[in-house]
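Have a look at the structure below, then the notes.
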């Protein structure tokens with residue numbers, strides 16, 4: 001029977017030679033392991049001698065090398081050499097040493113985001129240009145235009161959103177008018193609440209609130225619809241049948257929202273102003289007739305037109321973002337959820353951005 005593993009130490013100048021004997025494998029006693037670990041830590045340069053080892057496994061090799069500052073080894077058999085080679089490959093210094101911080105890795109996420117953003121910008125410009133070209137072709141050849149799809153999306157994306165849009169405009173308009181009336185009444189100028197809140201409703205709150213509602217409803221709807229078509233291969237089938245996806249999926253949705261938005265803004269303005277009339281009536285006691293007279297005297301057509309001018313741009317932004325993100329969907333249904341979320345966030349951002357640009361422009365033009 002082979003003897004159990006043991007070792008003996010001799011000192012040669014500044015090096016310690018550990019002579020190993022017997023069987024070194026997973027069956028080593030705890031006393032031998034602990035004794036080796038304690039002795040090996042006393043020396044900074046150790047030479048392992050395997051000449052008298054009858055059997056050794058990878059566990060023992062790992063223990064010997066990980067607990068010792070091994071300078072070199074000697075007397076290893078071919079089997080032992082293979083085990084040592086495997087150990088060095090798995091536990092090379094590049095893998096066990098502490099990694100040095102590299103600033104390039106710190107900026108990698110930002111670099112990737114900038115790269116994705118640049119790619120999205122280029123893709124969107126290509127998408128927008130192709131859509132404008134398809135609209136131009138539809139103008140030259142009206143038979144190319146999908147009238148049925150256009151009317152369908154005017155109803156689905158526009159008119160069916162009216163109840164929640166009008167309710168939201170009513171609530172927001174009433175709340176803002178009430179707060180404004182309270183503050184102006186405290187300042188001794190209650191009638192100014194009619195001027196300020198009516199102008200605010202026509203210029204900002206009516207079109208802006210309506211656009212926010214449609215961004216959450218229609219942009220997500222467009223993305224989900226087109227995304228499902230991509231996943232179920234319907235869009236590929238349309239390409240195989242030589243159908244232009246822009247003509248069938250994008251142009252009708254885009255023009256439907258661009259055209260229906262001004263009408264919806266008009267109705268949202270009416271809802272917001274009506275809520276303001278009720279709020280001022282309840283807070284200040286000003287009757288509807290007096291409100292209408294003051295409204296006619298101080299609120300000009302320019303305020304109404306400012307909101308109407310914004311409307312098509314809001315509709316265009318919502319439709320473009322919804323369709324663009326829908327066409328980007330690929331893979332599985334989880335991607336639909338991600339693209340829908342991205343679509344809504346992007347649409348909200350562009351609505352806020354467009355509204356800010358118009359506010360600056362109209363202020364500079366004194367409109």
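In case you wondered, yes, glycine gets a Cβ from its N, Cα and C as well.
Residue ranges 101-120, 121-140 are listed, and TrEMBL annotates 121-140 among them as transmembrane segment. Feature annotation (TrEMBL): of 184-207, 304-327, the stretch labelled transmembrane segment is 304-327. In TrEMBL, the annotation transmembrane segment applies to 273-292, one of the ranges 73-92, 273-292.
Feature annotation (TrEMBL): of 328-346, 347-365, the stretch labelled transmembrane segment is 347-365. Taking residue pairs at least 6 apart in sequence, the transmembrane segment (347-365) and the transmembrane segment (273-292) share fewer than three C-beta contacts under 8 angstroms.
Here the transmembrane segment (347-365) does not touch the transmembrane segment (243-267). Their Cβ atoms form fewer than 3 pairs under 8 Å, with each pair 6 or more residues apart. With pairs at least 6 apart in sequence, the transmembrane segment (304-327) and the transmembrane segment (208-231) have 3 or more Cβ pairs within the 8 Å limit; the two touch. Beyond its flanks by at least six residues, the transmembrane segment (161-182) meets 190, 193, 196-197, 200-201, 205-206, 209-210, 213-214, 217-218, 264, 267-269, 271-276, 278-280, 282-284 of its own chain at Cβ-Cβ distances under 8 Å.
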